[in-house]
Amino acid sequence: MKLDHWQKTLDHLRDEEMLRGLKTVSGAQRDHVLLDGKDVLLLCSNNYLGLADHPALIEATCRATRDCGTGTGASRLVSGSMALHEELESKLAQFKGTQRALLFNAGYAANTGILQGLMGADDVIFSDSLNHASIIDGCRLSRAKTVVYPHRDTHALERLMAKEAPLRKGQWLIVTDGVFSMDGDLAPLPELVALKKRYDCLLMVDDAHGTGVLGDSGKGTGEYLGCLTDIDLHMGTLGKALGGFGAFVAGPDVVVQFLINRARSFIFSTSLPPGVVAAGIAALDIVNGSEGRQRRMNLQKLCTLFTGQLTESLPPEVRGETPIVPILTGDPEPTMRASAWLEAQGIFVQGIRPPTVPQGRCRLRATLMATHQVEDLLRAADLIRKVLSA
């Protein structure tokens with residue numbers, strides 16, 4: 001077997017400071033972890049509410065595993081559909097205010113499955129230019145015509161929709177991140193709702209980074225912006241603010257039935273194990289209650305504090321609304337140098353490079369958790385300012 005081609009590509013990536021590798025973290029996803037045996041402040045986890053080591057989730061996982069075993073043995077359409085799956089789906093539908101919900105094994109599997117399952121060659125998908133990679137791949141798998149509009153630019157989107165209108169054959173769908181994963185900014189959902197009504201199409205929101213975090217009840221970006229019930233398809237994850245693993249779509253009953261029959265990532269995957277599903281149920285109960293509200297309030301205070309310390313280093317659109325803080329650094333080499341220096345100082349924050357972000361828009365992507373301590377964040381902000389000015 002010829003391996004030279006792949007090795008040359010890896011060598012080129014290394015020369016360009018673009019080679020990715022794995023770092024070994026020990027312990028739970030707390031505010032501090034052991035990174036290669038060294039204590040560091042964890043500033044790059046999506047465990048926004050700090051639920052990944054919550055005693056209620058751990059106990060629920062252990063109880064379900066003792067009762068139901070470690071795995072389901074098959075896909076949901078064979079023998080892998082359990083009462084726990086249905087309980088969590090019912091709670092998620094109620095949480096998002098929809099008729100029904102359907103679990104997927106990961107956010108990537110959800111977006112690719114939803115778009116591939118619902119859309120086809122006669123359909124058109126309108127997709128924000130900074131949507132997550134799983135949405136981009138889902139659009140490709142669907143075989144629908146994909147029209148990409150400039151980031152958050154609803155005026156440009158309307159022009160593109162008007163241009164497509166005379167050619168319309170099938171279903172139209174607008175798809176957007178709710179909270180954009182690399183910039184932390186919000187989709188203009190009220191304006192997108194107006195467009196979807198004007199052009200009689202569907203609106204799908206990937207709220208992986210908003211679910212559990214935004215809104216008085218943690219229902220996400222739609223609740224925060226006052227248009228939750230106008231969203232047709234809500235995609236969310238259980239592996240970020242909810243502290244577990246898996247993903248879901250919530251929407252009309254007919255959509256869920258259709259996806260059960262057409263979404264390949266659902267049909268051909270062994271279902272989520274009982275312990276994982278039970279943790280999702282426990283997490284949702286916390287998010288819905290007073291503890292979840294208190295954690296969101298604390299997280300918001302920390303977001304305001306941290307972004308306020310780094311105002312000069314952040315894009316102007318960053319206002320501390322979300323726990324994603326993009327600290328722009330430009331090119332790969334200074335980005336990775338800054339990340340390595342901060343790691344040596346006990347701050348674990350990853351450098352983000354293309355293709356995850358556009359050329360020239362490399363960054364340190366800091367993410368906050370409700371369990372972070374003020375003094376740790378102040379020290380981290382001071383060190384970030386120092387490395388950026390070096």
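Glycine is treated like the rest: Cβ placed from N, Cα and C.
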Same-site pyridoxal 5'-phosphate binder from S79, S81, S129, S181, given that Swiss-Prot records G107, Y108, D206, D207, A208, H209, T237, L238, G239, K240: S181
Of the candidates H85, H132, H151, H234, the one that Swiss-Prot places in the substrate site of R20, T356: H132
Candidate nearest S181 (pyridoxal 5'-phosphate binding site) in space, where candidates are the binding-site residues R20, H132, T356 and distance is Cα-Cα: H132
Residue with minimal Cβ packing [other Cβ atoms within 10 Å] among the binding-site residues R20, H209: R20
CB within-chain contacts under 8 A for D207 (pyridoxal 5'-phosphate binding site), separation at least 6: D177, G178, V179, G220, T221, G222, H234, M235, G236
Sparsest Cβ surroundings (other CB atoms within 10 Å) among the binding-site residues H132, S181, L238, K240, T356: T356
